[in-house]
Amino acid sequence: MFKCWSVVLVLGFIFLESEGRPTKEGGYGLKSYQPLMRLRHKQEKNQESSRVKGFMIQDGPFGSCENKYCGLGRHCVTSRETGQAECACMDLCKRHYKPVCGSDGEFYENHCEVHRAACLKKQKITIVHNEDCFFKGDKCKTTEYSKMKNMLLDLQNQKYIMQENENPNGDDISRKKLLVDQMFKYFDADSNGLVDINELTQVIKQEELGKDLFDCTLYVLLKYDDFNADKHLALEEFYRAFQVIQLSLPEDQKLSITAATVGQSAVLSCAIQGTLRPPIIWKRNNIILNNLDLEDINDFGDDGSLYITKVTTTHVGNYTCYADGYEQVYQTHIFQVNVPPVIRVYPESQAREPGVTASLRCHAEGIPKPQLGWLKNGIDITPKLSKQLTLQANGSEVHISNVRYEDTGAYTCIAKNEAGVDEDISSLFVEDSARKTLANILWREEGLGIGNMFYVFYEDGIKVIQPIECEFQRHIKPSEKLLGFQDEVCPKAEGDEVQRCVWASAVNVKDKFIYVAQPTLDRVLIVDVQSQKVVQAVSTDPVPVKLHYDKSHDQVWVLSWGTLEKTSPTLQVITLASGNVPHHTIHTQPVGKQFDRVDDFFIPTTTLIITHMRFGFILHKDEAALQKIDLETMSYIKTINLKDYKCVPQSLAYTHLGGYYFIGCKPDSTGAVSPQVMVDGVTDSVIGFNSDVTGTPYVSPDGHYLVSINDVKGLVRVQYITIRGEIQEAFDIYTNLHISDLAFQPSFTEAHQYNIYGSSSTQTDVLFVELSSGKVKMIKSLKEPLKAEEWPWNRKNRQIQDSGLFGQYLMTPSKDSLFILDGRLNKLNCEITEVEKGNTVIWVGDA
């Protein structure tokens, strides 16, 4: 090759001497030494040979290109019009990649392209010896740049397969890192740990990448990813360019436990670190939180922290964080919410004669479970414990046998946990009842007075029953008139020989009023507890069947069917329910402008530590969805779709420990029942199935026990929910009782524990289960219940009613009797006969 160039060089000098200068058409102001410049720039061979041939061959036709030299970037063409030889800009240059910058600031793939551009632009363009133009211009768009990098990875992958005869092992991220490491090693020709522009040029030549990179070149790597602008690419910058993100999470921080007190704010920080760490994504119950518009979780911060503005017990649970796109490296945060103790004592005061037994009980709720202690007149009673003075049920009860005058005092129960302290006083007076003293004024035999009574609504009116001695305190007859009105409690219906009452649902409103539905009279009666009289009738839509008292907003919700066939059900609300004012109903906002689809509704009940509920749900007939409602505005908020789980909701229960809703589903057309579906109250998202647990869910007042009744399988399943919202495996109880209703009662032997009582829809027994141990017992011989067809208002044809936080009695009706159970002794206390269809029972009182 060098010999050929030498011949041309010599000939160039010879003919310049003999022929003189080239014509002016040869280029823009070309000098006599232009051939030397041309040869140094390696002018395209066809153009060079044409010029040499034109000088050497003297006898060719004057107008042909044989004798015409056009200069760099141009070539000779014969005009179709004149037939004369003319110079024109070259159509294309031979493919050859040696990039240069032109004085016009543009990037050119080789010298020929510079001269061709000078011809086309009719301007002088020289070579500029720097690389600034390599990084200018916008031909290489972001999308094209990404495509180029993907293509480079594909090429490297193919190389690896050819060299190793196998695919790279590991996950996508590990494989990508391996390929980028190998690519960098190949690019870094001098192995100095840096890739410069010359090495990129060398790769372009070796791999012939000049025209195949989507309007991009390898130089764009320096333009976009030279992080420190030193015109070199280090391995870390290569990682950045190809998004090989190396994340780190210390082993001891993979699991983080955070506790906050209810009502405060909380910040969960993600410990995942790494250069170019992508944005942090947070999940709860596998639902991404970043994309949700949540009131209480609405700021993720520049550092990716999760910020909870006002902590509640619904926020309890596990949160995971990871860098976007790198979910395999994640940190788990166990978030626990502590709640200060709330105490109730019973009784607040009592008087006892010397020689009898006195009991002072304390119930405390909080998270974690509070520790209990007692003071007498400000002094710890622990050193004074004896056979006569004992602590029972894990310290929740002070038991004094054979009381003496010196036992008189103020007994203070103190509850403590990590979040705070609470206390309350129970006063004991010991003296002769015949003496007219303060103690005599405060005298209150347990079970006497207007409180601590069962109210039973049956065919012959309303009976008020004291459970200890099973005594009637009051009988409100059907013919009794409403206080101040002429209306009767149960007017005689046409065709009836005997004046009878028909009742459905009833609710206790702050131990002040009882609201009770009369479905055949299209109204709700209000019973005043103080006077034990019916004081008002509130008209409703036809056939009111279900009432619920929303204590948070002091309103009673009323579900009416419209007809006995449930053809036009509606929801109404009675506001200011505990007020001494005339009451009336207002309609809720229809969901989808349709009232006639309402099948049921659910509003969680408040507890000692959870005193406010904001939301409820409406269930539509045969619809696999929940309609969320705002209890304050009584308006629709959103729909939670359950179609993916093929669940038409039939029953709901709620625990504040994590804010979970448990949904019992209706059987399908074949009678099969799908497992319960769980919904997260924080995100309103479906979490999934509650394992394989089926049936009607019930949750204990403290939120810790979920009891599910599957009547088809005769199965009772008990699950425990921890203070961290973890749902533990169930234990099973098989029974053929066909459970109708369930009641929870605080344990008399263990603090912070509950027992359940289940009534039977077909049999004469009641099921007892000690939830902490799984101990089971039957209380027998309670007579047959009402037949299901005799109680059309709901599925609970045999109700069972507890007697409050400290009460030891429960009541359950049979077809024509009432049975009072003693929960402390786990036995039947008494039977009250001649009470027909008394399946609406309410407890009023402290205990």
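Positions of Cβ are set from backbone N, Cα and C atoms, glycine also.
When Swiss-Prot is consulted, the disulfide partner of Cys89, picked from Cys65, Cys119, Cys133, Cys140, turns out to be Cys119. A disulfide bond in Swiss-Prot ties Cys321 to one cysteine from Cys270, Cys362, and that cysteine is Cys270. When you check Swiss-Prot, the disulphide partner of Cys112 from the set Cys93, Cys101 turns out to be Cys93.
Here the domain 'Ig-like 1' (250-337) has, by DSSP, the following mix of helix, strand and coil residues: 6 helix, 43 strand, 39 coil. Cα distances from Cys119 (disulfide bond) to the binding-site residues Asp188, Glu199, Asp226, His232, Glu237 are smallest for Glu199. Taking the mean position of the Cβ atoms of Asp188, Asp190, Asn192, Glu199 as the Ca(2+) 1 site, the remaining residues of that chain whose Cβ falls within 8 Å of it are Phe187, Ala189, Ser191, Gly193, Leu194, Val195, Asp196. Residues of the same chain lying 6 or more positions beyond the ends of the domain 'EF-hand 1' (175-210) and with a Cβ under 8 Å from any Cβ of it are 95, 97-99, 109, 131, 134, 152-153, 155-157, 159-160, 168-169, 217-219, 221-222, 231-235, 238-239, 242-244, 246.
In three-state terms derived from DSSP, Glu199 (Ca(2+) 1 binding site) belongs to a helical segment. Residues 95, 99, 107, 131, 134-135, 139-141, 144-145, 147-149, 151-153, 173, 176-177, 180-181, 183-184, 187, 193-197, 200, 203-204, 274-278, 323, 325-326 of the same chain lie 6 or more positions beyond the ends of the domain 'EF-hand 2' (211-246) yet place their CB under 8 Å from a CB of it.
If you draw a 10 Å sphere around the CB of Cys270 (disulfide bond), it holds 26 other CB atoms from the protein chains shown. Long-range Cβ neighbours of Asp188 (Ca(2+) 1 binding site) (same chain, at least 6 residues apart, Cβ-Cβ under 8 Å): Leu194, Val195, Glu199.
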